[in-house]
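All remarks here apply to the structure that follows.
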Amino acid sequence: MSMLFYTLITAFLIGIQAEPHSESNVPAGHTIPQAHWTKLQHSLDTALRRARSAPAAAIAARVAGQTRNITVDPRLFKKRRLRSPRVLFSTQPPREAADTQDLDFEVGGAAPFNRTHRSKRSSSHPIFHRGEFSVCDSVSVWVGDKTTATDIKGKEVMVLGEVNINNSVFKQYFFETKCRDPNPVDSGCRGIDSKHWNSYCTTTHTFVKALTMDGKQAAWRFIRIDTACVCVLSRKAVRRA
């Protein structure tokens, strides 16, 4: 019985050694697999090829029924290209920033996984000097209940509210700025000559990197958030006598 077993093993090894290998199944830059490579090694090579052809933004984070169960590798937040001063992952709600001057401090100190290093502004520098007023009034808040957003392709996507990082639940916050009132004065924007100009305040947007759902995986996407309040002007038609 043992002799038959050894004979079968020998025949199996000879068959594997004689089997031809196709170079088309080998990733670029690698040599042809040796005869002693097993099917497991072959499957690993296939997985590597698929990973190299996949988009760089995809994250290997599986969904287990609910978004709060998604586990994310903290090393992903060390990539500089994924950082945004308006996106914050924190275990506790960030303090309410009175204006965008406080934005750097909030992002740099509240979340260890997406810190940004930017030049420090003087805390004693006032936003407006005496006698100066803003053309439009804006309000800035940290938004922590965003569930959907519009991506850079114009499609509506689901935003991850919470992720698990090192066995701690981090919530995803967005620092958004929008207009308090489209018409801060009766004529529109403040300080505009209403005799010659029509004016109104409107909220503008920008795109930031955020963790969103992509099928059954978490993925980085550019999503649109409110970031500023600006004055829109149009010249009034001149009436000719």
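A Cβ is built for glycine as well, from the same backbone N, Cα and C atoms used for every other residue.
Taken from Swiss-Prot, the feature 1-acyl-sn-glycero-3-phospho-(1D-myo-inositol) binding site applies to TYR173, LYS209, supported by similarity to another entry. The feature 1-acyl-sn-glycero-3-phospho-L-serine binding site is assigned by Swiss-Prot to LYS209. As annotated by Swiss-Prot, disulfide bond applies to CYS136-CYS201, CYS179-CYS229, CYS189-CYS231. The N-linked glycosylation site annotation in Swiss-Prot covers ASN69, ASN114 and rests on sequence analysis. Swiss-Prot lists 1-18 with the feature signal peptide, giving sequence analysis as the kind of evidence.
Sequence features, as recorded in Swiss-Prot, placed on the structure.
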| residue | record | Cβ neighbours (10 Å) |
| --- | --- | --- |
| CYS136 | disulfide bond | 24 |
| TYR173 | 1-acyl-sn-glycero-3-phospho-(1D-myo-inositol) binding site | 24 |
| CYS179 | disulfide bond | 21 |
| CYS189 | disulfide bond | 24 |
| CYS201 | disulfide bond | 23 |
| LYS209 | 1-acyl-sn-glycero-3-phospho-(1D-myo-inositol) binding site | 18 |
| CYS229 | disulfide bond | 23 |
| CYS231 | disulfide bond | 19 |
Inter-residue Cα distance where the pair is CYS201 (disulfide bond) and CYS179 (disulfide bond), in Å: 7
Distance [Cα-Cα, Å, rounded] between CYS231 (disulfide bond) and CYS201 (disulfide bond): 4
Of CYS136, TYR173, CYS201, LYS209, CYS229, i.e. the recorded positions, those within 10 Å of CYS189 (disulfide bond) when Cα atoms are compared: CYS136, CYS201
Integer Å distance between the CA atoms belonging to CYS136 (disulfide bond) and TYR173 (1-acyl-sn-glycero-3-phospho-(1D-myo-inositol) binding site): 25
Nearest-integer angstrom distance between the alpha carbons (Cα) of CYS229 (disulfide bond) and CYS201 (disulfide bond): 6
